[in-house]
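Here the structure comes first, spelled out in structure tokens, and everything after it is commentary.
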Amino acid sequence: MQQHALYHPVSIGPLSLKGNVFFAPVAGYSDSAFRSIAIEWEASFTYTEMVSSEAMVRDSLNTKRLIRRASNETHYAIQIFGSNPAVMAETAKLIVDSAQPSCIDINAGCPMPKITKTGAGAALTREPTRLYEVVKAVADAVYAQDARIPVTVKIRAGWEEAHLTWKEAARAAVDAGAQALALHPRTCAQCYAGEANWDIIADLVQCARGWGEVPVFGSGDLHAPEDARAMLEHTACAGVMFARGAMGNPFIFRQTRQLLTEGYYTPVTFEQKLRAAWRELHLLAQDVGESSACKQMRKRFVSYAKGERGKTQWCQRAVHASSFADFAAVIRDACPCIGL
């Protein structure tokens, strides 16, 4: 595949996107603050963290906050999880009415026991029949309200190595009305250990071509722009979804676009990292308040400082920061050229 063709527009049903480098849903990170930063650094498409269908129908205030669109999000997807088709359908209708997202994504890939024990997340990949019922209910509900909003599904390779059900799950999702698929090619048993098997993504791409040219997006072991290029070349997937690789590193989206289109990318300075962290803190505070934002930002600051000399000292202070002033002091000491 020619390098210039690796970065390109993509369509998910009626939804047209200018690029194919996405920010995946990440629990505890994919809030509107970080999504906004990711968009500033050229993420082509962004997803909310997964939203509980049960909490949504209970009218949870926290859940309503999770689905809020960032101010600079032209397009975004809301990811929902659950195992009850009726509840999932009701959740989808509520979301379409209240948030008007560009896409609704169904989580059939989360490996966390607290999710799978309810029959949701990766447990749906293990049970293609149940997945079909969930996707069909959601798709029917969404398309009846607004046919411009595609329903998509993210799956895993399977429950364990001896039971790889990705093909059956993917086909069930498409037959039920899903207009795109995303695949994390690890099993639920692996969680995030070991290597992601990109060969499975390539196999799914081939299968999906026979199901009506359904686009397939890949995730797993994407930690650098070079990883994205390698996945696109190896699998011929329609696009890539950065998850953990984007934590504290929203710059990876622009760098990946540069690598795919120009063959090189511009390194990010420590000052740029700290300025992005400071901006994220303030965006987060607009949503949850200064105190809560500072608590959440502690671990995120550590991610921003990854790979920098002297990070241990700054991070030790950052994990105890409880105010804007505390973070400003840490940032000024780490990079005096930043005038805060």
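Positions of Cβ are set from backbone N, Cα and C atoms, glycine also.
The FMN binding site annotation in Swiss-Prot covers PRO25, VAL26, ALA27, GLN79, LYS154, SER219, GLY220, ASP221, ALA243, ARG244. What Swiss-Prot lists as active site, proton donor is CYS110, and the listing cites similarity to another entry.
Known features from Swiss-Prot, placed on the structure.
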residue	record	contacts (Cβ under 8 Å, 6+ apart)
PRO25	FMN binding site	TYR47, THR48, GLU49, MET50, ALA77, GLN79, ASP105, ASN107, LYS154, ALA243
ALA27	FMN binding site	GLU49, MET50, CYS110
GLY220	FMN binding site	HIS184, PRO185, ARG186, ALA196, TRP198, ILE201
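Cβ contacts within 10 Å of LYS154 (FMN binding site), excluding its own Cβ and spanning all protein chains shown: 29.
Residue with the densest Cβ environment among the recorded positions CYS110, ALA243: CYS110, by other Cβ atoms within 10 Å. Among the residues PRO25, VAL26, ALA27, GLN79, LYS154, SER219, GLY220, ASP221, ALA243, ARG244 said to bind FMN, no two Cα atoms are farther apart than 21 Å. In this structure, LYS154 (FMN binding site) is part of a beta strand by DSSP.
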